[in-house]
Amino acid sequence: MADTMPSKAASTAATEEQHSYDEKHTSEHESVDQNAQEGVRIAEGMAMSWSRGSLIAVFVCMWLIYFVNAMRSSLAANLTPFVLSAFESHALIPVVDVVASICAASVYMPLAKVLNLWDRSLGFSCMIALSTLGMILMAACRTFEVYAAANVFYSIGFAGVIFSVDVMTADISTMKSRGLAFAFTSSPFLITAFGGPKAAETIYEDNWRWGFGAWAIVLPAVAVPMIVLMQMGKKKARESGRLTAAGKSVVNGQCRGFMYYFDEFDIVGVFLLLAGFVLFLLPFTIAASSEDTWRSAHIIAMLVLGFILIICFALWERLGAKTPFVPWHLLRARNVLGACCLSACYQISYYCWNSYFTSYLQVVYDVSISNAGYIASIFDVVNGLNLFLVGFLIRRTGHFKWILVAAVPLYILGQALLIYFRQPTFPIGYTIMCQIFMALAGGAMILGQQVSVMSVCEHNDVAAVLAMLNLFGNLGGGLGNSISGAIWTNTLPQKLQKLLPESVAGDWSTIYDSLDVQLSYPMGSDERIAIIASYAGTQRLMLIAGTCVMVLGVICVFVIKDVNVKKVHQVKGMVL
C-alpha cells in the first residue's frame, strides 16, 4: 500500500498555516468590547481564544441539539393526537398549544437578559433542565391535566434551548454568513422528516410514553459536551487575559438584591403578558364546549379579564416598568418592527390549519401514522434544503429583502390553492404540491426575518432582537391556534350532527373526541364519508382564515428596509 502519511515538513507547514488562519481571524480585535454586557463579553472572549477545531466542534454540538429537538418535534406532532385521544381530549389540541405558545413567548425576553447579563451557558443549562423535567412528566402523565402541565414545561424548555443555540450561532458567525449558519443548525429536520414519522408509528404500537421519556436521557447527554466546550472556551479566554477586565454589566463588587432582578426581568410585565393572553385566547377554543357557549359567565369573564390585563401590560411597559419587557427603542427600527409583524402574521396563518393536519390526512385519505407524518414533514424537507440556498444567496448578494418580496406572495398562493384542493375529491398529490410551495416560501421568510432584525443592531442587542422576533412569533402561534380551535369546536360538531347517519348520530360526541374512533369506521362506509365531509368543510374555513391573515404580511415586507449585510460587522474572533 502506498505511503499516504504526510512528512514532518508538511506537518509543520500545515501547523503554520493553521496558526496563520487563527491569527488572521483574531488579530484584528485584540480585546473584547468592555462596554458590552457580561454574557456578550464572554462570548467574544471565547471566540477570540479558541481554534478552528473548537469552532467546528461547537457547530457539531449545536447541530446535535437541533437534531434532538427536530426528532422530538416530529414524534410529538405525530403522537399528540393519539395521546389526547387516550384522554378523550382530541378536540383540545389547540388548547394545549395555545397555553404552551404563550408561556414560551413569555420566556424569551427574560432568557435573553440571562444570556446577556451573566453567561450563555447558564441560560442554556437552565433550559436543558426544564426540557428534561417536561419530558419526564410527559412520559409519566396519567391525566389530561398533567399532560397539559408537562407540555408547558416541555415547550418552554425546548423553546429556550433552541433560542440559546440561535444566539450562540449568531455569536460565532459573521452577518453575511449568518443565514448559512442558521441553515446548517436547522438541517437535522431533513433527517427527522423521514425518521420521525416511522419512529412515531413504531413507538405508538408499543408504548407512546417512550416517545417522550427517551429524550429525557438523550438531551442531557447531547447537551453536556456543548456546556463543557463553552466552559473550556471561557477558561481559555480568562487565561489569555481577554476577560480580566470587567465590563459595565459587572456590579463592581456589589451584590444586587431581589428587587433589582425583580425590576430587571420585569416580573410584573411577564405576569401581565402571560395571564392576559392566556385568558383572552383560551375562550375561543373552549367556548363551544361550555353549556351556554359564548353566553357562559366564565367565558365572558375570561375574555374581559384577559383584555384588561393586555391593556395593563401595554400601560405598564410604557409608564411603570423600570426595565421594560419589550425594548421599545429596538422595536422602533423598521427592520425589527417589520420582521416581527411578519413573523406574527406567518405564525397565525400557519397555525390556523396545521394543528389537525395529520388527523385530516389519516381520516380523509386513510394513510398510516408514518405516511401522514411524511406528508406533513414535506415542509421540513423542502424548507431545510431551501435554507441553504437562501443563506448562500444572502451571502453572495449581501441583500435579503428581495427574498422576502418573493416569498410572501408564494406562500399566499400555496395556501390559497390549498383551500381549493383540500377536498376529498382531489388526489393527495395536490395537497403535497401546495405544501412544497409553502415550504419554499416559509423557509425564506423565517431566515429573512432573522437576518432582518440582526442587520440593524449591535452584538450587544442580538439576543434581544431575536427574543422579540420569537415573542411575536409565539404570540402569533398562540393566536393561530385559538382561531383553529374556535373554528374546529364551533364547526366540526355541528357538521357531524348534521351529516352522520341516524344509526350513529347519537354518538357524535364520542366520534368528535377521539381520532381512534374516527378511524375505526372503514373507508366507504356512510359514517366515514360523513366524517370526511365534516373534516373537509372545517379545514376549508381554517385555510380561508389563515390566507386572509397572511395577506397582511405583504404590508410588513414593505416596512422592512434593505441592508447590505456584507457591510455589517458585529462579532469578533474565530467565526464562520
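Cβ coordinates are placed from backbone N, Cα and C, and glycine is handled just like the others.
Automatic prediction, not curation, is the source of TrEMBL annotations.
Of the listed segments 179-196, 449-466, TrEMBL assigns transmembrane segment to 179-196. Residues 179, 182-183, 342, 346, 350, 361, 365, 367, 375, 378-384, 386-387, 390-391, 394, 400, 403-404, 406-408, 410-411, 413-415, 417-418, 421, 553 of the same chain lie 6+ residues outside the transmembrane segment (427-447) yet bring a C-beta within less than 8 angstroms of a C-beta in it. Sequence-distant contacts of the transmembrane segment (298-316), counting only residues of its own chain at least 6 positions beyond either end whose CB sits under 8 Å from a CB of the stretch, comprise 268-269, 272-273, 275-283, 286-287, 290. In summary, the transmembrane segment (373-395) does not lie against the transmembrane segment (91-109): fewer than three C-beta pairs, each 6 or more positions apart in sequence, are under 8 Å.
Using a cut-off of 8 Å between Cβ atoms, the transmembrane segment (208-230) and the transmembrane segment (91-109) share fewer than three residue pairs, counting only pairs 6 or more apart in sequence. Outside the transmembrane segment (265-286) by six or more residues, the chain places 92, 94-95, 98-99, 102-103, 105-106, 109-110, 113, 299, 302-303, 305-310, 312-313, 316-317, 320-326, 475, 478-479, 481-483, 485-486, 489 with a CB less than 8 A from a CB of the stretch. Here the transmembrane segment (541-560) has long-range neighbours at 334-335, 337-339, 341-342, 345-346, 348-350, 352-353, 356, 401, 404-405, 408-409, 411-412, 415-416, 418-419, 422, 445, 452, 480, 483-484, 487-488, 491, meaning same-chain residues at least 6 beyond its ends whose C-beta is under 8 angstroms from one of its own.
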